[in-house]
Amino acid sequence: MMAIQRSNCFHARGEQDPCHASSNVYMIMFGIVQVFFSQIPDFDQVWWLSILAAVMSFTYSAVGLALGAAQVAQNRTFAGSAMGVAVGFVTKTGDVVTPAQKVWRNLQALGDIAFAYSYSIILIEIQDTLRSPPAEARTMRKATGISVVVTSVFYLLCGCMGYAAFGDDAPGNLLTGFGFYRPYWLLDVANMAIVVHLVGAYQVYCQPLFAFMERRAERRWPNGLPGGDYELGLAWIKWKVSVFRLAWRTCFVAVTTVVAMLLPFFNDVVGILGALGFWPLTVYFPVEMYIAHRRIRRWTTTWVGLQALSLACLLVSLAAAVGSIAGVLLDLKSYRPFRSTY
């Protein structure tokens, strides 16, 4: 949403205007939208949600890839180098990339990549949105295989083409890169696709937590949740509202919104989340469940191979966590709470 505002500003006022924008207003707006969406019952059962997410993801990925390719064609050469950002490079903010910072950035990148593949957290939630027949499990197995290949190809193409287009000046978000404001309407389409995607993604990620907490509350108060339920109606539309559900989900959204405003470091935070969730949720538990389900004996070739895979991914998660935390600490040096602008 900030990128949309800035691209329109560049178009209206010219390239020399800094067009600063604050993220706080947009974060609050996003939080308000999520408060309303959080009250929708059985949101995870909405079958068209997966289709909408796929269309939005393909839209902004394709736009980013196309704009990167166009920039390379305009430059008539590939920017950057095989070793990445050079030590001693001066960034747009005037900072000099030191050897230590390059190491931290490399490790943080592992966390960003790991986050992109942490879909196992919501596999069941996505499966719940699928129609049947055929069986959801069979559809999901096929969809997972196809989506991993397509996602990998798209992400690699976008990342490599973005670096080839901008070199060491490549921004964390390619859609906000210099020169990307020229086809401002296309940039707006891509960024709006991200907004729509993330509005739904927020709910898909939160629904398991909502369900878990409310099941615990129902066991704690078997005779009825605190506050009771009320039926509201508007014309012919009627729905039940749980006071407990309304209060706790609203508080949850409010807390996450405040945390987002306190830590507006997108790449660093994504790296931390990827590092924390990748090994235990994407690797360790699935591997252990597979071993138990298949009754694979200890010290067999398959068991050793799976444990080696798990150990390697654990090391990746630890390295990514270190790099991302170091990135946040560097960001905090020039950070003022609730004053995020760019």
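Cβ coordinates come from backbone N, Cα and C, glycine included.
Just so it is clear, the model here is predicted, and its values are computed rather than measured.
Per TrEMBL, the features are:
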type	residues	note
DOMAIN	1-329	domain 'Amino acid transporter transmembrane'
TRANSMEM	21-40	transmembrane segment
TRANSMEM	46-67	transmembrane segment
TRANSMEM	143-164	transmembrane segment
TRANSMEM	184-205	transmembrane segment
TRANSMEM	246-266	transmembrane segment
TRANSMEM	272-291	transmembrane segment
TRANSMEM	303-330	transmembrane segment
Counting Cβ pairs closer than 8 Å to the transmembrane segment (21-40), the top stretch among 184-205, 272-291, 303-330 is 184-205
Quick tally over 46-67, 143-164, 184-205, 246-266, 303-330 of CB pairs under 8 Å to the transmembrane segment (272-291) gives the top stretch as 303-330
